[in-house]
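Record features (TrEMBL):
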type	residues	note
TRANSMEM	A:12-38	transmembrane segment
DOMAIN	A:61-266	domain 'ABC transmembrane type-1'
TRANSMEM	A:65-87	transmembrane segment
TRANSMEM	A:99-119	transmembrane segment
TRANSMEM	A:139-162	transmembrane segment
TRANSMEM	A:191-213	transmembrane segment
TRANSMEM	A:245-265	transmembrane segment
TRANSMEM	A:293-315	transmembrane segment
TRANSMEM	A:353-377	transmembrane segment
DOMAIN	A:354-546	domain 'ABC transmembrane type-1'
TRANSMEM	A:389-413	transmembrane segment
TRANSMEM	A:425-445	transmembrane segment
TRANSMEM	A:474-494	transmembrane segment
TRANSMEM	A:529-549	transmembrane segment
Amino acid sequence: MQSSLFKNYAWLGMGLALVLLGMLVLAPLLIVFGTSLYTDQKLDLLAPLQIIRQSELSEVLFNSIWLGLCVIAATTVLAFPLAWVMAKTPLRRHKWLDIVLLIPFMTPPYIGSMGWMLFMQTNGYMEQFIPASSALTPAFFSFGGMVAIMSLHLFPFLYLLLRNALLQIGGSMEEAAAVHGGGFLYRLRRIVLPLLLSSYVMGSLLIFVKTIAEFGTPATFGRKIGFYVMTSEIHKYISSWPIDFGKATSLASVLLAACLVMWYIQSTISSRYSYRLVGGKGAIKQTATMSRWGWALCWMYIGVLLIASIGIPYFSIITASLLKLRGVGLAWDNLTLQHYVDLLTPGSASLEALLNSFGLSIVASTIAVVLGTWFALTVQRSRTPGQKLVDLFSLLPNTVPGIVIVVGLILLWNAKWMPIPLYNTYGMVVLTYVILFLPYTVQYVKASYGQIDPMLLQAGQVFGGRRLYVLRRILLPLLLPGMLAGWMMTFTIANRELVASLLVLPPSMKTSATYIFAQFEQGEVSMGMAMAVITVGITTVLLLAMNVFSSQQKVE
Amino acid sequence: MGHIVMNHLEKSFGSVQALRPSSLSIAKGSFTTLLGPSGCGKTTLLRMLAGLETPDGGEIHVNGECYYSKVKHVNKPAHQRKFGMVFQDFALWPHMTVFENVAFGLRAAGMKAGLQEAVLDALATVRLEGMEKRYPHQLSGGQQQRVAFARAIVMKPQLVLFDEPLSALDALLRDEMRAELLHLVKEAGVTALYVTHDQTEAMSMSDEVVVLQGGEILQQGTPEQIYSAPEHPFVARFIGKSNWLMKDKWMLRPEHVRFREADAEDHRFEAKVRHASYMGDRYEVELEMQENLGIWTAYSPSRLLVGDKVQVYASPEHVHEVVS
């Protein structure tokens, strides 16, 4: 009975996947909750909030929420006009803008913040260009500046959601409303906004989650202006004296709970209020005709946005990496490539950090691809409860803030009863990266799998292929693009990961991210920024190349 | 013998009974078609035979060997059944060349010597010489169809299954491929089991037609038997046009309705012309019959005007009694 044997294998594989995911993903999160809820030998569901209230951390909690709300508002202001321009005006044929607009989103936030700080600080590049602008400096180093930096990082995400929704609504839906007698405002109110609303609400919830889970900007800019949020405080309580795991896990629990609630609301909305907006085959895309002023205005808006989100941070980083002497400032004869030479000198700490990053990322992404492919194949089309559970768990690291998982992993693997001596080793870093970035492979491979017609596999069976033969000759080759995308994504993201590296690297070890962070803190800005240019440059180019490649494949 | 025999095969999906216990046998070298509307169970039957679906009960025997038996706990997996199959939408593997698509089964069986010739032979049969290095997306619909057929026959299987293979093609190409497919099947000398919902395909290609409806086999017979002597009112209605002298009991085909009396024995009916459509070689006339006989169809060589009162005639020998 071959078929029942197969069922047994599937059952076994499912069980194994669940056990592994339980150990890798679920256990760290549970231990965070457990530690924070179980105080003084008793279980208290409100313990985290008690601790936060008693230790005056409520301000931190409030800061995070307020920051999240303000970033939603700011990204909306940035993204809405852009989405409209790119969906409804002739400018939308400039597809390259979509790719370019991914750059801010792909730039690690800590590096973007550093760029902005270099540009805006006293004696920064802006003052060197326009000395009179020094009046702006204190105004920028404020809560408002922080909101601006984070919004400029996150707005492309909301933009893409809104633009796609607008594109789908456009054409036939709006035409139908017009034919049936709806005026412009009536159409906007009755057709466009209701259909857009679910996309917008989903997008802004995700922006909120991403903002409160963000570590890079609070750790750099926030610390400088003395604006503390949950993530930066969690980091403080587990990395610097006096170490207080109670407070750290309390904050982490609240952060985790907030994110999970947001995700729950988001998924409810998306399943209940999102409509299948299929633009019919013959949908002729109407574009607004534009006057010359309109053109100028649109291009100006895009130009300012690109300068603010890409131009300024990247200009600052690159310039800082090239300056001979900081004091001398911007001048052609003050430029040098010496920092790069120093950085890449064999035997230097910087080259070692760079190679560490590459090594860790390669190992981690390879393991993540193997595990992720296995989980994705277990999930298949997510039909049975077991498959849904594997799906949920394997995507969880993308749902919850990275810092919470990292805290959980430290608590778990550093526990007294843990028999596996992984903590404080190379392996611990790899494990952390694998868990944090597992969802990428799972998602990419799942998407690839979804596109494979089941008939292709059945044809393999009918023509005499055993299970393994069909897997090797048909399934894996067809999944390969998804696996490759997952590998590249994991590799690039792991290469620049800051918070996990800061918290779990063995004491003597550095990666490029921690190197940049340390150099920036210690005033060795040029070396730090040269490192930033190299890592961000390599990885951003890789990501963009992958994006272009995959969008071209879709066209075929 | 050389038979494929299915005994009391049945299958349910949840609470829906896709196939009631059904028995069917297929003669060696024959072209048998499973015909029925969508959801009648024909595809389920085919997939169970292929081993892609496990029946709930019954038996399958091929050449006297048991492939599936609920009672004996036998279930040969799909990859050991050695059938060929042409899938709906062809299911060509997009990452393999035409050559590799056709060679798949041979390689899976571990064949090395003679593989090249076998594949090229099969490709020559379907007249695709020189195409072996191409990928499926570089071929036209008709060429893809032929690759799918070459893949199905390269192993010299004892049975080739066709799952609505022409439905993915446009109407013009479908007519062309119908004749070509039949020619290829006869040339290759294989036993074929063909699933379709298109009665033209079924009638024009098959040696045997099996009509299914609602998970039940209603009738099995040659196309001529199915058309002229349906054993079930559904069969009479589903294949060709039917005029009823008595509902679900006495049936007359349109070509046997005459506008002139030929014999004193003829039945005579009064009718009013409801509609006449010109078909090129004749007029297809819709008649509103007197005496509550409903609407009939008849063919006339000359135009009739709507509203005309006419008399029509039919010989008693053409009136078929529908009994199973």
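Quick reminder: no glycine exception, Cβ is built from N, Cα and C everywhere.
Same-chain residues lying 6+ beyond the ends of the transmembrane segment (A:529-549) with a Cβ under 8 Å from its Cβ atoms: 99, 102-103, 106-108, 111, 114, 118, 317-318, 320-321, 339-340, 343, 350, 353-354, 357, 485, 488-489, 491-493, 495-496, 512-513, 515-516, 519-520. Counting same-chain residues at least six beyond the ends of the transmembrane segment (A:389-413), those with a Cβ under 8 angstroms from any Cβ of the stretch are 14, 17-18, 21-22, 25-32, 35, 212-213, 215, 231, 234-235, 238, 245, 248-249, 252, 255-256, 259-260, 263, 372, 375-376, 378-379, 382, 420, 422-423, 428, 431-432, 435-440, 442-443, 446, 497, 499-500, 503-504. Counting same-chain residues at least six beyond the ends of the transmembrane segment (A:245-265), those with a Cβ under 8 angstroms from any Cβ of the stretch are 29, 32-33, 35-37, 39, 47-49, 51-52, 55, 57, 60-61, 64, 205-206, 208-209, 212-213, 230-231, 233-234, 237-238, 399-401, 403-404, 407-408, 411. Within its own chain, the transmembrane segment (A:191-213) has Cβ neighbours under 8 Å at 64-65, 67-69, 71-72, 75-76, 150, 154, 157-158, 161-162, 164-166, 169, 173-174, 177, 182, 229-231, 255, 258-259, 262-263, 265-266, 269-270, 273-275, 277, 400-404, counting only residues six or more beyond its boundaries. Sequence-distant neighbours of the transmembrane segment (A:474-494) (same chain, 6+ residues past either end, Cβ-Cβ under 8 Å): 357, 360-362, 364-366, 368-369, 372-373, 376-377, 433, 436-437, 440-449, 452, 456-457, 460, 465, 539-540, 542-543, 546, 550, 553.
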